[in-house]
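Asker: Mind having a look at this structure? Questions to follow.
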Amino acid sequence: METAASNLSATVPASRLTPAFPPAVKVGLTALYTALYALLFLSVYAQLWLVLFYRHKKLSYQTVFLFLCLLWAALRTTLFSFYFRNTLKANHLSPFFFWLLYCCPVCLQFFTLTLMNLYFAQVVFKAKAKYHPELTKGLLVVRGACLGASLLFLAVNVACAVLVRARRAEPWAVVLARVLISDSLFVLGAVTLALCLCLVARGSPSTRVYLEAKGTTLCQTAAMGGAIVLLYASRACYNLAALALSSRTRLDSFDYDWYNVSDQADLITDLGDRGYIVFGLILFVWELLPTTLLVGFFRVHRPVQDMVSCGGWWERWR
């Protein structure tokens, strides 16, 4: 990083270096990015209070999902708050805080996706087990697969971040391996979630009761699943294109002098104006948008008494 900065200074005199955008524009963008994540944080925080107000179960799939989203929004809000005054510090964090602010939110995002997969897969298996008891064993397989995918995702991202920061391996190869594994898991998780949502929406009345209580139709459920798949698949395509067009010796050759890969800042060099804008747009499209969709779709609702008369089994899985 320091070498790149020194080479730049040697090539272009410091007196001729001017920002690509006025400082007021960068401050405005920083305020916008911070406000968006802060609003999502407050929204999730309010829903956690609604869980207590409506007397839902305090420990459930929904509350764990909301807590993960709350932590994710808090980390992203903290990251962007650095860029008001401490831009240099944000680009030269210690390895732990670098991973915590840049990489950990991506892991949290995957954990929320896995959690939703686990919940709706259990809804499907529980409904079908009434007529086919042998399918109950499939729940163990689903739980093991979700746990294994989460541990694999975490291990790959931590290992790759350490290797890149320690400069013990070629960054391009390490990031390529991480992108292939992480984005494949994201796309797989999105596809399975979409399938589970469709199975719940098209299943028996006992499985549809959860979505019907939210006023969600089959078309809305299919649109939600399709949007999640499209967002994560497009991010995987972008990441692969960014790496394919990046030189192995000069990783910032994708015309973004700061951020090449969308889901982790492991190709960071120096903060540039265009790179900062692209960074914010990337996180908005491929992080904030899908997370906001999931939070809105699975938001806390007032309990409906009719659900209890529909068998009540779904409440035990909340």
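From the backbone N, Cα and C atoms, a Cβ is placed for every residue, glycine too.
Heads up, here are the entries from TrEMBL:
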TRANSMEM  31-52  transmembrane segment
TRANSMEM  64-84  transmembrane segment
TRANSMEM  96-120  transmembrane segment
TRANSMEM  140-164  transmembrane segment
TRANSMEM  184-201  transmembrane segment
TRANSMEM  222-245  transmembrane segment
TRANSMEM  276-298  transmembrane segment
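Mind mapping these onto the model and telling me what they sit next to?
Answerer: Sequence-distant contacts of the transmembrane segment (64-84), counting only residues of its own chain at least 6 positions beyond either end whose CB sits under 8 Å from a CB of the stretch, comprise 26-27, 30-31, 33-34, 37-38, 40-41, 44-45, 47-48, 51, 90, 100-102, 104-105, 108-109, 111-112, 115-116, 276, 280, 283, 287-288, 291, 294-295, 298, 300.
Through the fold, the transmembrane segment (276-298) approaches residues 21, 26, 29, 32-33, 36-37, 40, 43-44, 47, 62, 65-66, 69, 72-73, 76, 80, 83, 105-106, 109, 112-113, 116, 214, 216, 224, 227-228, 231-232, 234-235, 238, 256, 258-259, 262-263, 265 of its own chain, all at least 6 residues removed from its boundaries and within a Cβ separation under 8 Å.
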Asker: What same-chain residues lie close to the transmembrane segment (31-52): Cβ under 8 Å, and 6 or more beyond its ends?
Answerer: 58, 62-63, 66-67, 69-70, 73-74, 76-77, 80-81, 84, 280, 283-284, 288, 291-292, 295, 299-300
Asker: For the transmembrane segment (184-201), which stretch among 96-120, 140-164, 222-245 has the most Cβ pairs under 8 A?
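Answerer: Stretch with the highest Cβ contact count: 222-245.
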